[in-house]
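Colleague: This is the feature table in TrEMBL:
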BINDING   Gln127, Glu177, Asp306  S-adenosyl-L-methionine binding site
DOMAIN    152-212  domain 'Methyltransferase'
ACT_SITE  Cys331  active site
ACT_SITE  Cys331  active site, nucleophile
Amino acid sequence: MLGNFREGVTAVEEPVDCPNVSTIACKYASIFQKFLQHSNLPVWNIFKNTGFWRQLMVSTVGFEDALITRSPGISNEAPADAPLCLLPIPKADVPPESDEINNVVDARIHDYISNLRFSISPTAFFQVNTLAAEKLYSLAGDWACLGPNTLLFDICCETGTIGLTLVRLVGMVIGIEMNASAVSDAHRNAEINGIKNCSFVCTKAEDVMGSLLKEYLNVPQKQVIVLIPLQVAKGKFLLLGKGIPHQILYLILKGVHVMSLKIGKSASGCSENGRQEVQSVLQKSEMPENGSSLGQQFENVVAIVDPPRFGLHPTAIRTHPRLRRLVYISCNPESLVANAIELCTPSSVKTEKGNKDNRGWRNMSSAGLALHRAKSMPNSEAFQPIKAMAVDLFPHTQHCELVMLLER
C-alpha cells in the first residue's frame, strides 16, 4: 500500500524497493502474484470489501539465505473461527518427488530475545526487530520497578515475550492473551527455557483480572503447630525467652500464624532434646529453607500491557486498586492517548448532559470519546502519567513504539 486508504490513496505496488522487506520475501511475493493471476478465487476489493485474496505474510529468520518457515494466506472476509491453511514448504535438500514423510518444514519460526528461545506459530504476533525489542522490554522492566516480591501481569502477552524476558526479576508472571495459539506458544516457550514461575491464561483481561488478583494476593498463611519444652513454657516471656529456638521467632517475624503451642515433657527448657524436639516439629510443618517464604506474599503488583492497535479495555486495569503501576507499550499513539484519558480521568468528573439523541459522538475525536467513556466508568482511583519515551522498532518508516509509565 503506497499510502493511507483513509486519505484516498489506493495504489498497491510490488515491495521491490522497500528497504525493510527482505529479498526472499520479495521473491515469494512475486511467485504468489503469478499464482493469483491464475486463481479462480477473486482478489479482495478495497472499495466493495469483497473478495478472497488480500494478504500474504512471509516471515524469515536470520540472514538473506535463511529458510522461510511460514507463509499463510489471510483474508478479512473469512469468519474469525475459519481454519488457516498453511502453504507446505518442502525441505531444500529433499527432491520434490520424494515420498519421505518429513519432507515438509514445520510451519513455525524460532527466534531469540534476551538469550531466550521462542517458538512462534503463524498467527501469533512477534516483534520482527528483535534487537530493538530487547531494548524495549528492558526499558519496560526498568520502569516497572520489579523485584522478588513483584507479581507481574503481562497483558496482551501473545507468545509471552515480555513476561518471559523479565521473569527472572520477579516472583511470578501471569500472562493474559485472547489468541489461543499464542497462549499455546507461551506455554511452549516457558517450557523450552525451563521457566517455572509463570502462568498463562487465554481470555480477556477485563474478565479475569479480579479473580487472578484474589487468587495470588489473598494467599492464606500457613498455620504451624510448635512443640515447646515444658520448662520454657513456664517462662514469663514465652516467645522471647532464651529457650525458644530461632526458627519460631523467624516464623513470627514472617507473619506466619502459630496456631498452638503444645507443651512437651522435656525436663530442661534448654536441653538438647528439647531443641531437637522443636526442630522436628518445625521440619514437619514445612519450615522454609534458606530464608524462603512459606507462602508467596506479593507486595508489588505491576502490569505491562502491549495491546493491539485499537488499545486496551480500561476496566481491565483501573478498577483494581492493588494494581499501582502500569507500563503501557503502544504501536498506535491515538489509542494510547485515548486509554490514558480513560485511566487518568478522576472519577469525580461528572458526565455532562448532551443531546438526548446521543448523535454527537459521531463527530467526536478518539480523545473526546475516551473522555466520554471515562465519565461513565465505575468509581476508582485514577492513574497519573509519569513519563513516556519513543522506541524506534521500525527503521525507514514513520512508526515507532511508545512507552508510558502510569502510577497511582
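Backbone N, Cα and C define each Cβ position, glycine as well.
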Colleague: Tell me the Cα distance separating Cys331 (active site) from Gln127 (S-adenosyl-L-methionine binding site), rounded to the nearest angstrom.
Modeller: 11
Colleague: Among residues Gln127, Glu177, Asp306 annotated as binding S-adenosyl-L-methionine, what is the maximum Cα-Cα distance? Answer in Å.
Modeller: 16
Colleague: If you draw a 10 Å sphere on the Cβ of Gln127 (S-adenosyl-L-methionine binding site), how many other Cβ atoms land inside?
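Modeller: Counting Cβ neighbours of Gln127 (S-adenosyl-L-methionine binding site) within 10 Å gives 21.
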Colleague: Within the chain of Asp306 (S-adenosyl-L-methionine binding site), which residues six or more apart in sequence place their C-beta under 8 angstroms from its C-beta?
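Modeller: Within the chain, Asp306 (S-adenosyl-L-methionine binding site) has Cβ neighbours under 8 Å at Ile155, Cys156, Cys157, Glu158, Ile162, Ile329, Ser330.
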Colleague: When you measure from the Cβ of the residue listed as 'active site', which residues in the chain that are at least 6 apart have a Cβ under 8 Å away?
Modeller: Arg309, His399, Glu401, Leu402
Colleague: Within the domain 'Methyltransferase' (152-212), how many residues are helix, strand or coil going by DSSP?
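Modeller: Here the numbers are 30 helix, 15 strand, 16 coil.
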Colleague: Same chain, not part of Gln127, Glu177, Asp306: whose C-beta falls within 8 angstroms of the C-beta centre of the S-adenosyl-L-methionine site? Give them in sequence order.
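Modeller: Not counting the recorded site residues, we get Phe125, Phe126, Cys156, Cys157, Glu158, Thr159, Thr161, Ile162, Ile329.
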Colleague: Please list, in sequence order, the residues in the chain of Glu177 (S-adenosyl-L-methionine binding site) that are at least six apart in sequence and whose C-beta is under 8 Å away from its C-beta.
Modeller: Cys156, Cys157, Glu158, Val183, Ala186, Phe200, Val201, Cys202
